[in-house]
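Chemist: Take a look at this one; I'll ask things after.
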Amino acid sequence: MTATLERRQAQGLWDRFADWVTSTHNRFYVGWFGVLMIPTLLSATICFVIAFVAAPPVDMDGIREPISGSLLYGNNIITGAVIPSSNAIGLHFYPIWEAASMDEWLYNGGPYQLVVFHFLIGVFCYLGREWELSYRLGLRPWICIAYSAPVAAATAVFLVYPIGQGSFSDGMPLGISGTFNFMFVFQAEHNILNHPFHMLGVAGVFGGALISAMHGSLVTSSLVSETSYEESQNYGYKFGQAEETYNISAAHGYISRLVFQYFAFWGANSRSLHFIMAAFPVIGIWFTSLGISVMAFNLNGFNFNSSIVDSQGRAIYTWADIVNRANLGMEVMHERNAHNFPLDLAGTESAPVAVSTAKVGG
């Protein structure tokens with residue numbers, strides 16, 4: 001019998017790079033999506049930090065009245081932001097080479113587009129990287145599906161909404177006060193609080209938080225005690241141990257007795273329980289993202305502009321009227337120099353600023 005030995009061919013540089021990129025033994029999994037994710041997120045982060053600290057004022061409304069957003073121009077951590085690109089730019093792609101000078105690019109809010117586009121590409125790649133690592137480890141794809149909820153939300157406020165409104169100046173500013181300003185203006189223009197998709201999102205986030213708190217407290221409370229009465233119950237569990245030490249039947253029985261017998265049907269086994277925990281907030285945020293996307297094209301929330309009137313034709317004010325007045329007030333205040341008279345106020349009869357209160361003791 002003859003044995004033939006062949007010398008193993010040395011791997012080329014590309015093959016070694018590919019093995020390193022796709023290796024699941026690295027402390028930090030890179031992956032092919034990571035090859036694009038790392039530079040885009042680094043670019044977005046570096047540009048955001050520089051712009052947040054030192055960017056000059058930006059003519060966001062396109063009326064030659066720049067808005068200061070950086071720390072060096074008088075803002076603090078709360079009021080600072082990367083200001084959206086100018087309304088004069090609209091939806092045009094505005095990289096550095098499209099401007100006549102760096103000063104012009106900064107004045108028109110070019111850093112906002114740079115940060116947003118690189119950030120969106122980065123989070124898309126992070127989602128793909130989650131799928132890629134799950135695939136290589138033989139896991140199911142639910143991790144990246146769950147992550148698609150915040151990705152959809154970011155895409156809605158940074159990309160879909162500006163496209164629907166016709167300008168990146170309507171995108172969400174990259175700062176704390178800017179985020180709240182975006183929320184107020186969104187409520188004023190679209191009445192998002194009365195949109196059913198937003199209601200589903202609120203139910204999903206709050207319901208998910210409730211389920212998470214219930215689950216964590218139940219698991220912690222139903223640890224199997226493997227200790228004697230003289231020892232602390234905490235000695236019955238070692239942090240990081242492989243085997244389960246809690247009793248799901250005990251937790252299930254607790255919930256069924258605490259509320260009612262059939263309430264805990266979805267927690268009858270670990271799979272159904274954790275599916276509900278994942279699906280509840282994810283589906284809610286999906287609906288909120290979809291709601292922002294349809295309101296981007298002015299398919300707005302419900303409005304109750306027609307007040308209830310009595311037999312004499314006098315208005316009977318409801319909470320809907322209070323919300324309408326608040327919306328009008330917020331719309332008057334935002335972009336007050338660009339819009340001297342908002343259209344929905346100019347086209348109707350003047351309305352009192354406040355609802356009159358009943359006389360006391362009269």
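For all residues, glycine too, the Cβ spot is worked out from N, Cα and C.
Below are the features listed in Swiss-Prot for this protein:
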BINDING   H118  chlorophyll a ChlzD1 binding site
BINDING   Y126  pheophytin a binding site
BINDING   D170, E189, H334, E335, D344, A346  [CaMn4O5] cluster binding site
BINDING   H198  chlorophyll a PD1 binding site
BINDING   H215, H274  Fe cation binding site
BINDING   H215, A264, F265  quinone binding site
SITE      Y161  site 'Tyrosine radical intermediate'
SITE      H190  site 'Stabilizes free radical intermediate'
TRANSMEM  29-46  transmembrane segment
TRANSMEM  118-133  transmembrane segment
TRANSMEM  142-156  transmembrane segment
TRANSMEM  197-218  transmembrane segment
TRANSMEM  276-290  transmembrane segment
Chemist: Within the chain of the residue listed as 'pheophytin a binding site', which residues six or more apart in sequence place their C-beta under 8 angstroms from its C-beta?
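Modeler: Non-local contacts for the residue listed as 'pheophytin a binding site': F33, M37, L41, Y147.
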Chemist: Specify the nearest of the recorded positions H190, H198, H215, H274 to H334 ([CaMn4O5] cluster binding site), where nearness means the distance between Cα atoms.
Modeler: H190
Chemist: So, do the transmembrane segment (276-290) and the transmembrane segment (118-133) meet, by the test of 3 or more Cβ pairs under 8 Å (sequence gap 6 or more)?
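Modeler: Judged by the Cβ rule, the two regions do not touch, with the required three close pairs absent.
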Chemist: Taking only the Cα atoms, work out how far H215 (Fe cation binding site) lies from Y161 (site 'Tyrosine radical intermediate'), in Å, as a whole number.
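Modeler: If we compare the Cα positions of H215 (Fe cation binding site) and Y161 (site 'Tyrosine radical intermediate'), the gap is 36 Å.
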Chemist: Look at each of the binding-site residues, D170, E189, E335, and point out the one with the fewest other Cβ atoms around it within 10 Å.
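Modeler: Counting other Cβ atoms within 10 Å of each of the binding-site residues D170, E189, E335, the minimum falls on E335.
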Chemist: Using a Cβ-Cβ cut-off under 8 angstroms and a sequence gap of six or more, which residues of the chain neighbour H190 (site 'Stabilizes free radical intermediate')?
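Modeler: Within the chain, H190 (site 'Stabilizes free radical intermediate') has Cβ neighbours under 8 Å at M295, N298, N300, G301.
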Chemist: By a simple count, how many Cβ atoms lie within 10 Å of the Cβ of Y161 (site 'Tyrosine radical intermediate'), its own Cβ left out?
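Modeler: Around Y161 (site 'Tyrosine radical intermediate'), other Cβ atoms within 10 Å: 22.
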Chemist: At a C-beta cut-off of under 8 Å, are there same-chain residues at least 6 beyond the transmembrane segment (142-156) that contact it? List them, or none.
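Modeler: Those are 119-120, 123-124, 126-128, 130-131, 134, 278, 281-282, 285-286, 288-290, 292-293, 296, in sequence order.
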Chemist: Near H198 (chlorophyll a PD1 binding site), how many other Cβ atoms are within 10 Å of its Cβ?
Modeler: 23
Chemist: For H118 (chlorophyll a ChlzD1 binding site), just count the other CB atoms lying within 10 A of its CB, please.
Modeler: 20
Chemist: Select the most exposed residue of H215, H274, H334, where exposure means the fewest other Cβ atoms within 10 Å, treating these as the binding-site residues.
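Modeler: If we count Cβ atoms within 10 Å for the binding-site residues H215, H274, H334, the smallest count is at H274.
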Chemist: Sort the binding-site residues D170, E189, H274, E335 by C-alpha distance from Y161 (site 'Tyrosine radical intermediate') and give me just the closest.
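Modeler: Closest by Cα: D170.
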Chemist: Translate the DSSP assignment of E335 ([CaMn4O5] cluster binding site) into the three-state scheme.
Modeler: coil
Chemist: Considering Cα atoms only, can you say which of H118, H198, E335 is the nearest neighbour of H274 (Fe cation binding site) among these binding-site residues?
Modeler: H198
Chemist: Quick check: in three-state DSSP terms, what is H118 (chlorophyll a ChlzD1 binding site)?
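Modeler: Once the DSSP labels are grouped into three classes, H118 (chlorophyll a ChlzD1 binding site) ends up as helix.
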